[in-house]
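If you look up TrEMBL, you'll see 21-44, 50-70, 82-101, 107-123, 128-145, 157-179 marked as transmembrane segment. Residues annotated as domain 'GGDEF' in TrEMBL: 240-371.
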Amino acid sequence: MSTRSQSATQRTLQGLLLKRFGMAVATYGLTALLCWVGFFVGLFQATAQTAVLMTLGAAASQLVFLALFLSRGNLRFADPSLTEAQVLTALTWLTLLLGLFDEGRGSMLVIYVLIMLFGVFQLPPRVFVRCALFAFFGFASLNLYEGYQLQLSTPSVAIMQVCVLAVVLTWLCLFATYAQAMRQRMRQRRFALQAHQDTLRGMMRQLEDLAATDELTGLCNRRHFLRLASHELEGMSRGCQHGLALLDLDHFKRINDVHGHAAGDRVLQTFAAVARACLRDGDVIARYGGEEFVLLLPNTEADQFSACCERLREAFNHAEPLGVRVGPLSLSIGMTLVHKDDDLDDALQRADQALYQAKRDGRNRCAATWEDADA
Ligand SMILES: Nc1nc2c(ncn2[C@@H]2O[C@H](COP(=O)(O)OP(=O)(O)OP(=O)(O)O)[C@@H](O)[C@H]2O)c(=O)[nH]1
């Protein structure tokens, strides 16, 4: 993955984590509200000063998390969501708060569930169980301590509350394990789907290459050339001109007849190798059909284009096909220039006329039909 897309992914992740943190803060706010309701209806067994101190303490603990998220310090931890730390902090605050509730303690137990739900989809089952044990032993110790201090008004209710919390936490642990297994399965499916997509994309690319390539020479085929050339023509700016040439191997039928079809094939491959060596990256050479080839040279002048075609013709004169002796090789070239708004078929026809001229003048030469090129 590139550095840019990595940092974009990290930004998106931080955004999501901050949203989750916002939900946690909202839960703290609502619990603080409940705490104050308990205070005003007389269920909170401490002074207003203690209630204020607890509210400020909880807010301070959240500011620490906020600072970690904003400074991106959370990214240094194995789990940047800091879910376990947030859940343990919230459980500690809740257990301390429940210590100050007496009669309302049972109804406040539900807050344990809200806190644990934060970890259901995020925490690995082992860590989730650890948090559940922390919640259970925290609440049980609170009741044991109060029982030891003879502060429990109704011990039977306290025993019932501890048992209910044990059942609820056990259920949540099972649910978290199930949810994590589902999540894992979905992740595996997503990876498998991605792998299938990559394979399909690779096959599509291979198919496209196959559909665009001439099997014998490895050059572009006629269809692909026409598509590329039309595209080049459409994108041409005014005042710019491209060179277009048809190249035909001379007396090729004779090579086939005398030396065999395989030798003819080798000559075609030799021409492709010579053309590749003579031309530059942006130039387009394609097999137009049989022993005929077509060349498009972008942004060129008539003399530069002629020089390029001459070079190619001479290079082919000196080429020696590997493994066969077919005598001297030559080709004839018909050249023209293409301008903006020129019709590709017309241009090909002009090149064909020039090729005909080159053949008629004795072959192994270049001829041009520049006229009518100023469309
Ligand atoms: N070996 C081989 N021969 C091919 C292929 N495609 C076409 N040909 C042959 O190329 C020959 C072309 O012959 P002609 O069109 O008469 O042209 P030529 O003999 O080169 O004569 P000029 O072009 O007038 O110099 C034919 O015999 C085709 O069978 C191919 O893929 N491989």
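Even glycines carry a Cβ here, placed using N, Cα and C.
For the transmembrane segment (157-179), the list of distant contacts is 105-106, 109, 112-113, 116-117, 119-121, 123, 125, 128-129, 132, 135-136, 139-140, 143, 146-147: same-chain residues at least six beyond its ends, Cβ to Cβ under 8 Å.
For the transmembrane segment (128-145), the residues of the chain that approach it from at least six positions outside its boundaries are 84, 87-88, 91-92, 95, 98-99, 109, 112, 115-116, 119-120, 152, 158-159, 161-162, 165-166, 169-170, 172-173, 176-177, judged by C-beta separation under 8 angstroms. Counting only same-chain residues 6+ beyond the ends of the transmembrane segment (82-101), those with a CB under 8 A from a CB of the stretch are 21, 24, 27-28, 31, 35, 38, 43-46, 50, 54, 57-58, 61, 65, 68-69, 74, 108-109, 111-112, 115-116, 118-119, 122-123, 127, 130-131, 134-135, 138-139, 142, 146.
Counting same-chain residues at least six beyond the ends of the transmembrane segment (21-44), those with a Cβ under 8 angstroms from any Cβ of the stretch are 51, 54-55, 58-59, 62, 65-66, 69, 86, 90, 93-94, 97, 100-104, 108, 111, 114-115, 118. Within the chain carrying the transmembrane segment (107-123), a Cβ under 8 angstroms from the stretch's Cβ atoms is held by residues 20, 23-24, 27, 31, 34, 38, 79, 81, 83-84, 86-87, 90-91, 94, 97-98, 101, 131-132, 135, 139, 161, 164-165, 168-169, 172, 175-176, 179-180, 183, all 6 or more beyond its ends.
Broken down by DSSP into helix, strand and coil, the domain 'GGDEF' (240-371) contains 59 helix, 33 strand, 40 coil.
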